[in-house]
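Undergrad: Pulled from TrEMBL, these are the listed features:
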type	residues	note
TRANSMEM	A:12-31	transmembrane segment
TRANSMEM	A:37-57	transmembrane segment
TRANSMEM	A:64-82	transmembrane segment
DOMAIN	A:117-219	domain 'P-type ATPase A'
TRANSMEM	A:235-253	transmembrane segment
TRANSMEM	A:259-279	transmembrane segment
TRANSMEM	A:572-592	transmembrane segment
TRANSMEM	A:598-615	transmembrane segment
Amino acid sequence: MKVQRWIQAHTTPITWVVAVLIAGGYLSKWLQAPRLYAGLLALASVLAVVPIAMHAWQALRVRVVSIELLVTIAVIGAFVIGEYNESAIVTFLFLFGNLLEQKTLAKTRSSIRSLTEMAPTTADRLRADGTTETIDVDDLVTGDVVVVRPGAALPVDGTVADGDGYVDEAAITGESRPVHKTVGASVYAGAMLSNGFLHVQATKVGDDTTFAKIVELVEEAQDTKSHAEKFIDRFAQYYTPAVLVIALLVGLVTRDLRLAITVLVLGCPGALVIGAPVSNVAGIGNGAKHGILVKGGAVMDDFAKIDTFVFDKTGTLTQGRPAVTALTTFSGDEDEVLAQVAKLESLSDHPLGQAIIQAAEQRGLQYAALPLAASEVIKGEGVTGTIAGHRICAGNAKLLARHGVALTAAQQTALTTLQQRGASSVLVAIDGALVQLIGIADQLRPEVPAALVALKKAGALHLVMLTGDNRATATTVANQLGIDEVHAELLPADKVAYVKKMQAAGRHVAFVGDGINDSPSLATADIGIAMGSGTDVAIETSDVVLVQANFQALVHAYQLAKKTVRNTRENVVIAIAVVVFLLIGLIAGFIYMASGMFVHEASILVVIFNAMRLIDFGGRQKNQKLDASA
Amino acid sequence: MTKKLTLQLDELTCPSCLTKIETAVKNQPGVETVKVLFNAGKVKAQFDDSQIAADQLTRVVSDLGYEVKSSKVTEA
């Protein structure tokens, strides 16, 4: 066992020694020393076949006929008939090919590796006396406070307990842009503190952090096989022993040992076995770098086939929180009135009121100090009060009617237009006359229209919106976006029914939702895409997780899936073409063992290089989106 | 008690290594499930710690010729 481990660890130097021996052999041939030539090459063969034979034996013990076994038998055969040069070169090419394969494979896996390396292994824990101690991250428990210094990665998920700083959350969201974090803000493990100083109280540690979950998900995904991979695996399971049998038959029939061992070498299914998985690994790795978690090769396959995208409206196409979108002032100063309304609304916790307060704050209005008296919140109607001697009411038409406020024809028209656009309205009256009309709506994400056009260009045929919202609002949103089909006023169960109906009509449906209240639809669709949340539920029920709520990521994911599947196909075609070429070469007599092995190893590198093109697909993401944590 | 063992290995390159490691670990007494993550170079196993120790499982893998860089045992 010791010897085995030593050989495994020293395969690289062994390969180089073999190379030197072969070079020495050919040098002595050139120097007219045939004995030395044969001796050196025989030595090279023996040395090189040891690690290969070892692998072959280990695999055989678990009943796997491996490529190594084919090569080992071929080399022994070549040795027997005295073809030392062939055996030496074949084994060297095989070892050297493996070496290159290892290096290039490492490249295709680099995305996920660079991700895991972002997580720190130690943390500075704050002790009760204010000093810090450096401990292993595995020893941290929730509630611990850790000190994070600039340039360091956060070791835990938690909330900022003290200090402030700019945090780059690229590892979690794929978006490289520093976000300002102050006391009370949530921060995630794996994020980088670019400047500032933070004390973070841990809420999740170790394997429970969002970052650890993402890493685990991606690792598992890279090993979840696509349909093509599963097929090839099954194929290889029978193919390799079949080659052994065929070679044996060829040997028995033709009595030509040389031909038989050539068949063994040519039959190695190298590029075929590596081609499909390597594309998926690179594709999934690319996704992870862009904040897109694709759960495996099979998901890639299905995603690439999607022709219908079904969107949930609230929180997906829109930002999911109401905001002031229209402000019409009939008399008085706009900001002055808005400030008074904000003061009034600070009494209620109604979402519309919150939107107004937010708007006032965004305009920098000082409303908090306004003297409010005789205020009253009337449920289902609005708020009333007296500010600086003036009676002010803010609410719906019912409230104003009760206070005897009448709307002029122009005001009525303005209100109707607002409602037709799908916005909710707050009417403001001062001393019995309407002074302001505030329109509040859930705003579209700014990048959505362009992203939907890009989706169509990438191959999506139908864009559908399903929503629980009222028809007027839904239609307005759909018209703004160029959505093909809208269904409004739906319950979660209705959404599932629509998804099923589309599937029954032969469409391949992806459902895009926020992952919180639409899990049934996410699970029913061919591909469930959860957007903007790294929550456990979203990760569990969906096939693709977009860590940040951003439609550009959705477009990238869709293009990436198509690209990955095409790359897999290219690789399979390359692999099959190589085998066909070798067969023709064998029959035509221009391919022998060594040249066959060379073509094999070269084709393996070709498929790996082809897959590597996926790693940089799409480049770095542009930083023009919304802050996911906002 | 069922425990979960996670081993981080060096880069794995041959798909047959996967079967090799999986079968070898699975054949140990008390091992319930084994999963080898080829691309991540990880072995994840659930085992009954009254029947076999985590160290023994680690040795099974390292005896096959794979260097175990780190190991971690957690409650399943």
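Every residue gets a Cβ built from N, Cα and C, even glycine.
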Undergrad: Which residue counts does DSSP yield for the domain 'P-type ATPase A' (A:117-219) in the helix, strand and coil classes, in that order?
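TA: Helix/strand/coil tally for the domain 'P-type ATPase A' (A:117-219): 20 helix, 46 strand, 37 coil.
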Undergrad: Residues of the same chain, at least six outside the transmembrane segment (A:37-57), with any C-beta under 8 angstroms of its C-beta?
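TA: That would be 4, 7-8, 11, 14-15, 17-18, 21-22, 24-26, 28-29, 66, 68-69, 71-72, 75-76, 78-79, 82, 84-85, 87-88, 91-92, 94-95.
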Undergrad: Determine which residues of the chain contact the transmembrane segment (A:572-592) at the Cβ level, with the cut-off under 8 Å and only residues 6 or more beyond its ends counted.
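TA: Result: 86, 228, 232, 262-263, 266, 269-272, 275-276, 599-600, 603, 606-607, 610.
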Undergrad: How does the model score the domain 'P-type ATPase A' (A:117-219) in terms of mean pLDDT?
TA: 84
Undergrad: Could you pull out which residues elsewhere in the chain have a CB under 8 Å from any CB of the transmembrane segment (A:64-82), counting only those six or more residues past its ends?
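TA: Contacts with the transmembrane segment (A:64-82): 38, 42, 45, 48-49, 52-53, 55-56, 90-91, 94, 240-241, 243-244, 247, 257-258, 260-262, 264-265, 267-270, 273, 593.
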